[in-house]
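Enquirer: Take this structure first; my questions come after.
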Amino acid sequence: MEYSPILHNLYVVPSSHVRNKLFVICVMLSLWVYMIYCCVGYCSTVPNLAYANRREGDADADNNRGSSAGASRDLLNDLDSRGDEWEDIRGETKALDDNAMSGFFNETESKKLPQAIIIGVKKGGTRALLEFLRLHPDVRAVGAEPHFFDRNYDKGLEWYRDLMPKSSEGQLTMEKTPSYYVTREVPARIYCMSKDTKLIVVVRDPVTRAISDYTQTRSKKPDIPSFESLTFKNMSAGLIDTTWSAVQIGMYAKHLERWLQFFPAEQLLFVSGERLITDPAGEMARVQDFLGLRRVITEKYFHFNPAKGFPCLKRPEGNSKPHCLGKTKGRTHPNIDPEVVQRLRDFYKPFNRKFYKMTGYDFGWDSEE
């Protein structure tokens, strides 16, 4: 057979140079596939606020109903229970801020232990405060109550950290669990996590709070004893039963003493639940200053509705209709003997005065008689 250059080229073994090129191309293709896979995986892990809000409505249902003294509706309770209605506003607000979107695909985002915690109190307006704060582009907060320091402490800090949403540099991570304030072991446990943790307590007239607490319990257990019989150890002697949690929670000064054993007073902020309704922008200014945040949540976010008697949230831009909270009526109060209410007010007076002195803030509850 004669020698043929064409046939020789067909059967020639590729040179080492060609093999090296093929190897490099294969490596580059593999890297591109891996990068695409990582991007898709990362997007799937970005916290879904709408889903978190749906979960928080279920997880916190037992903290989100009640009634207030002196009114047919519990306005703070309505605020506590309407977190889902603010999802659209929160999403739009964050979209307006460049900082919120700049970290969306930032690989430096990570889950951090909270630098600030709303530690109480139940039926004080903690849900309202949390939702107001979640409108802030520099705040990332878990919606459901973790109950780490009172119920799940044995699961460890890594378990707790994993519950937190991802945040980027400069964003503040927060959570809220109202039962922390009255649980004896919690101050020391938070201190062990970080002695620099900022603590917020939302407080409310203790008599109003107790009635709201009772109303919630009665809605689940209609056959429970009357408010009057639970309030007193001995009705005829007029001895208040301080072991009943609805009464005990309102003894704010007693609980504060434990916190001050671990944290300086300047590390705690006490927010008025009543003023969170009558002057939400003013209270939010105090909160944002305390947390070292820009004053983003201002009066432009609130619209007072005279018919409802409390503020509605509105979008800071545009002319859309404000979102009024509490579209359904709050729970109706039971008829409570006015003498029992007055005895409770008298019981709380010394605790209130001590609390005013300890916090340097007069909440004006004793004038409501």
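Keep in mind that glycine also has a Cβ here, set from the backbone N, Cα and C atoms.
In case it helps, TrEMBL gives these features for our protein:
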type	residues	note
ACT_SITE	Lys123	active site, for sulfotransferase activity
BINDING	Lys123, Gly124, Gly125, Thr126, Arg127, Arg204, Ser212, Lys329, Gly330, Arg331, Thr332, His333	3'-phosphoadenylyl sulfate binding site
DISULFID	Cys312-Cys324	disulfide bond
DOMAIN	114-356	domain 'Sulfotransferase'
TRANSMEM	22-45	transmembrane segment
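Map these features onto the structure and tell me what's around them.
Expert: Here the Cβ of Lys123 (active site, for sulfotransferase activity) has 32 other Cβ atoms within 10 Å, regardless of which shown protein chain they belong to.
Per-residue pLDDT, averaged over the domain 'Sulfotransferase' (114-356), rounds to 91.
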Enquirer: Cα of Ser212 (3'-phosphoadenylyl sulfate binding site) to Cα of Lys123 (active site, for sulfotransferase activity): how many Å, rounded?
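Expert: For Ser212 (3'-phosphoadenylyl sulfate binding site) versus Lys123 (active site, for sulfotransferase activity), the Cα atoms are 7 Å apart.
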Enquirer: Which of Gly125, Cys312 has the fewest nearby Cβ atoms, counting only those within 10 Å, among these recorded positions?
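Expert: Minimum Cβ neighbour count within 10 Å, taken over the recorded positions Gly125, Cys312, occurs at Cys312.
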Enquirer: For Lys123 (active site, for sulfotransferase activity) and Cys312 (disulfide bond), determine the Cα separation and express it in whole Å.
Expert: 19
